[in-house]
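Novice: This is the structure I have questions about; it appears just below.
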Amino acid sequence: MSKKALCIISGGMDSTLCAYLAKKEGYEIIALHFDYEQRTQEKERECFKQICKALKVEKSYILDVSFIKDIGGNALTDKSIDIPKNELCISDTPPITYVPFRNGIFLSIAGSLAEKENCESIFIGVVEEDGSGYPDCTDEFIQKAQEFINEGTSKNFKVYIKTPLVRLNKAKIVELALKENVPLELTWSCYESEDEACGECDSCLLRLRGFEKVGFKDKIKYKS
């Protein structure tokens, strides 16, 4: 029986690279995507499907967690809150694009699904880069989430949460993705737009900076 990994894939660059690294390690990939009524939900779902096809994933899940929008309090699900432009948020305080406890919610659900599918690992593309203030993207949080999941699941089940990118910056991530032949043109990072990336939000700026530092042109379309 082959070993299985549940890969949480948003459609973005980091989670996609994680899935490719899982495949390289010999895992049979089960892909998991969450719809939470984020601004770019349709684009992210489309990217997820294309990435699954590129990875030749045989089993995938798209789960509706739209209750996250009902909780609100962030610019990704509440269009009345402006997404900051042309400034990289480097702070100990979570930015307005932080979705409260999103990764905690995702990992709780992933733990349940991993037990059902008998996966030995969960891959998630969290990155601590630049002290962005996302409290659920730290290595410490992930370790505690792993303990929580293993404490609350069957005694004969144990899962490891793998975060191969947690200590890398975007330049290193782009460099590694290119080395592993990850189709970055299938990924999406923009917080705001679905047709052409805005090139101005925090996520776009980090992505563009990563490509610039490795001297490689990003193949996705930008508005400017």
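Even glycines carry a Cβ here, placed using N, Cα and C.
Per Swiss-Prot, ATP binding site is recorded for Ile9, Ser10, Gly11, Gly12, Met13, Asp14, Ser15, Thr16, Leu17, Cys18, Ala19, and the stated evidence type is sequence analysis. For Cys190, Cys198, Cys201, Cys204, the entry in Swiss-Prot reads Zn(2+) binding site.
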Novice: Roughly how many Å separate the Cα of Cys204 (Zn(2+) binding site) from that of Met13 (ATP binding site), to the nearest whole number?
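Specialist: Just about 11 Å between their Cα atoms.
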Novice: What other residues of the same chain, not counting Ile9, Ser10, Gly11, Gly12, Met13, Asp14, Ser15, Thr16, Leu17, Cys18, Ala19, have a CB atom within 8 A of the CB centroid of the ATP site?
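Specialist: Same chain, not in Ile9, Ser10, Gly11, Gly12, Met13, Asp14, Ser15, Thr16, Leu17, Cys18, Ala19, Cβ within 8 Å: Ile51, Gly125, Thr187.
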Novice: If the Zn(2+) site is taken as the center of the Cβ atoms of Cys190, Cys198, Cys201, Cys204, which further residues of that chain fall within 8 Å of it by their Cβ?
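Specialist: Not counting the recorded site residues, we get Ile83, Ser189, Tyr191, Glu192, Ser193, Ala197, Gly199, Glu200, Asp202, Ser203, Leu205.
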Novice: What is the number of other Cβ atoms found within 10 Å of the Cβ of Met13 (ATP binding site)?
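Specialist: Cβ-Cβ neighbours of Met13 (ATP binding site) within 10 Å number 29.
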Novice: Give the three-state DSSP assignment (helix, strand or coil) for Cys204 (Zn(2+) binding site).
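Specialist: Cys204 (Zn(2+) binding site) sits in a helix per DSSP.
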